[in-house]
Amino acid sequence: MSIQVEHPAGGYKKLFETVEELSSPLTAHVTGRIPLWLTGSLLRCGPGLFEVGSEPFYHLFDGQALLHKFDFKEGHVTYHRRFIRTDAYVRAMTEKRIVITEFGTCAFPDPCKNIFSRFFSYFRGVEVTDNALVNVYPVGEDYYACTETNFITKINPETLETIKQVDLCNYVSVNGATAHPHIENDGTVYNIGNCFGKNFSIAYNIVKIPPLQADKEDPISKSEIVVQFPCSDRFKPSYVHSFGLTPNYIVFVETPVKINLFKFLSSWSLWGANYMDCFESNETMGVWLHIADKKRKKYLNNKYRTSPFNLFHHINTYEDNGFLIVDLCCWKGFEFVYNYLYLANLRENWEEVKKNARKAPQPEVRRYVLPLNIDKADTGKNLITLPNTTATAILCSEETIWLEPEVLFSGPRQAFEFPQINYQKYCGKPYTYAYGLGLNHFVPDRLCKLNVKTKETWVWQEPDSYPSEPIFVSHPDALEEDDGVVLSVVVSPGAGQKPAYLLILNAKDLSEVARAEVEINIPVTFHGLFKKS
């Protein structure tokens, strides 16, 4: 990866500024030549409103959800955006204050109410946010924006209008679900969320939503729990942002970042707290890796253990001759990385941003190899017999398998994050290339391509330019894994530049193919997808 770049001008602060939605799409100015085969829409979610009246949101994952769309047709591009009409957004706009508690911001009772009304409003129970700012994904013929609670929001991908809120609790037993479901080529959706299992203890359920059937009924109404993972702590589930899926196995990585449910239910209801207040780290747990047989719908009680890390994004998982290969974007240690993503930190001047990031867990791309066939006679031995990996799996005397990873990429305070692959063809299969957003002390300032076999990297980077998660779009006649383009939304506040643009790169070498510039700022976006025409 390229050398570290400095950002003394602080242009990254534009990522965290409130913007207005658009009444109609804008025509973008295209330089270069957009491939004619690239037709469809890039849909992305992120925060677009960072304060309500005089009340600020405090955390990166608090701002109200803004849905973005870049349309591609015959070499032309338009840009549109609208706020998602969630309950959190509509009530905030109506009451001109923050009404529903967000990830790192507490909502307090209406100050206009008398003291008795305000007191009793604390006892209404936990009001969970539906602020769908993290991702968008398809279910059948429909599209849903999501956060990580039990609420998802159905949207119109053409007009960006909000259609309705859906509560997953009405269909399956989960307290929430991740923003990174897996979608198989037939349209089947898998996701994971924590739940109350036997004896009121916490567990993790895998949810399966079938593809659209001939009866055209909403697939969500046919959701089912297919397998359950146990929890290492009876009353403290781990934070889960993604999981691994292959044709035959489901992989769940249980990290030491825990949600204290007693704190969640008591302090929130009684005196006010937010989600961030309810996280804590188990400093002795390390990381537990769990697997389940997907086809037999059975949990496999292999005890995989390793040293502590934070995990938000799986890159890919696949099977290889009796082993599971699990590639992850890790952050070393047990301290919660989100502690460093408060907006006050991210909006600091460059030297302060660097100082804060130096205290945080450090990033590393890792490959773990999980043996599936365990012979107790091999106690004390490395069970991995695959060539071309330095990862190890030692069978310990207590029948646990201690894992040490192969490092695929490591750079001090230089993260390879928000990973993407040629998902449609290579998810759950052996692959070669991953694309990622390069974070420089948490500031996104480059796009990266990683060869996971040779560890070779390619980088796109320009001064005063702050890209988003790269989205890979395969060429319709692709012959190789990386035949296609990479799309990224770039904020460019530097002198002489348009405020933002959609960047199109050749997926082979990250050379620029074209860009589509707009005259308005675009705030940070987290995740999204390319919807082909």
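Every residue gets a Cβ built from N, Cα and C, even glycine.
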Residue among His241, His441, His475 sharing the Fe cation site, where Swiss-Prot lists His180, His313, His527 as binders: His241
Close binding-site residues near Cys330 (S-palmitoyl cysteine), where close means Cα within 10 Å, chosen from His180, His241, His313, His527: His313
Secondary structure of Cys330 (S-palmitoyl cysteine) (DSSP, helix/strand/coil): strand
8 Å Cβ shell about His180, His241, His313, His527 centroid, Fe cation site members excluded: Val134, Asn135, Thr178, Ala179, Ser242, Phe312, His314, Phe418
Cα-Cα distance linking Cys231 (S-palmitoyl cysteine) and His527 (Fe cation binding site), given in Å to the nearest integer: 28
Other CB atoms, at most 10 A from the CB of Thr105 (phosphothreonine): 24
